[in-house]
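Straight from TrEMBL, the features:
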TRANSMEM  B:6-27  transmembrane segment
TRANSMEM  B:34-54  transmembrane segment
TRANSMEM  B:60-78  transmembrane segment
TRANSMEM  B:99-119  transmembrane segment
TRANSMEM  B:139-159  transmembrane segment
TRANSMEM  B:191-215  transmembrane segment
TRANSMEM  B:221-249  transmembrane segment
TRANSMEM  B:261-283  transmembrane segment
């Protein structure tokens, strides 16, 4: 697989003038963003600026959305979630979203229930995350936080997605585990050509994975550019990231 | 001794019937959080179908799949309108809707099938009695016990051991997450309701040989099924099985020992049971459907 981002190609995801509301509360205002194939982009910002709302708007999981969201070249605004997912976007949600009353294997098989077979198979996922293979018959409620995170990522891969959206994957993980999962495992997927949208509180971690970062501040985009420029911008760091 | 065995088998056949009816109610309540008080109507429709099918001269055993398919079809139509619009609403609104519908259906069935008690002409292989230690026992009830527990077993395998069952269980846990895997959960929930309606119909078809079919039976069966679901503990398959046995035996043996006060005794026993275990016999835990 080719690993270089392709900024000239049709973006995998593009938002133009997207606003999101929960009832009368406006959470996001006029967001515009393009993510090219094979790019890895971090979305940063303080608590409550709407990072998770951005994810939920993308998958049509709750907020009322205006503006246009295009995924893989198709306008998907207002589509039911399962049709958005079938276009090739997968979500590793905040809190992992594994199904506690299902076994590890069942959690993974669910992802291939409605998706055509592709590069990723159950055995591929077990090869990639050997820890999961040992626990395949266990209920996912018995997994550790790190194992749950790998399970959520493995499940996302089995949907044969081309765009992987991760919402706060480091939350609740020990620093070394977060490092291993996000920088090593997700980093490897990104190198193999997966487009990654990473929503994170842990700024240094996110910037090590993603060459480009978007900073949300007060419901709007405050910065969008190379990760290196953020670290060189103490005012931005202090104001929007609290670092 | 023979008398005791016959009463135990009577209780078991009643339990099998309660189990099938209650499971239909229970899957919809626990998996979709939808209270369907029209479930008794599916049961009674199934009973009438069996009565008329047995009388028609067509192969008798087809009565059960036909009852399943006919009530499943009725369930599919009702699911589109109006049930679907009520899944997200409060239980009170669901109760008002489905109870109202059950009254309408009761009138329609009285109009269509008449007000008299219809007992089916049982097919030849299921007629007659077998002698157990010199006590006669109807063959039909043995058939009911066998088929009832067999169908309950199939349902358990479907929900607990298949990938489709995993999709259903996952949809209960986190519907939005299932959608992000590309699965249309609305269709999954429709299928669960259709399955539940079909179960109600096949229960009715099986029960017709024991309880006959008459106006008002829909409500009697619904109440017993509700009691079974509540005593068992909401949303547990094992609990519903256990509770169908408890309710079946309680009702049967209170009729044997206290014929005049049968219902008082049986329902008081269940009230005490619920006071002692408010969450039901088997409180919902992980991995139970």
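The backbone N, Cα and C atoms fix where each Cβ goes, and this holds for glycine too.
Keep in mind the model is a prediction, meaning the values are calculated, not measured.
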Top Cβ-contact partner of the transmembrane segment (B:221-249) among B:34-54, B:60-78, B:191-215 (pairs under 8 Å): B:34-54
Feature contact check the transmembrane segment (B:99-119) with the transmembrane segment (B:34-54), CB under 8 Å, 3 or more pairs: yes
Contacting positions for the transmembrane segment (B:60-78) when only residues 6+ beyond its ends and CB under 8 Å are counted: 38, 42, 45-46, 49-50, 53-54, 101, 123, 125-126, 147, 190, 193-202, 204-206
Recorded stretch that, among B:6-27, B:99-119, B:139-159, has the most CB pairs under 8 Å to the transmembrane segment (B:191-215): B:6-27
Distal contacts, the transmembrane segment (B:99-119) - CB-CB under 8 A, six or more residues away: 37-38, 40-41, 44-45, 48, 51, 78, 208, 212-216, 218-219, 222
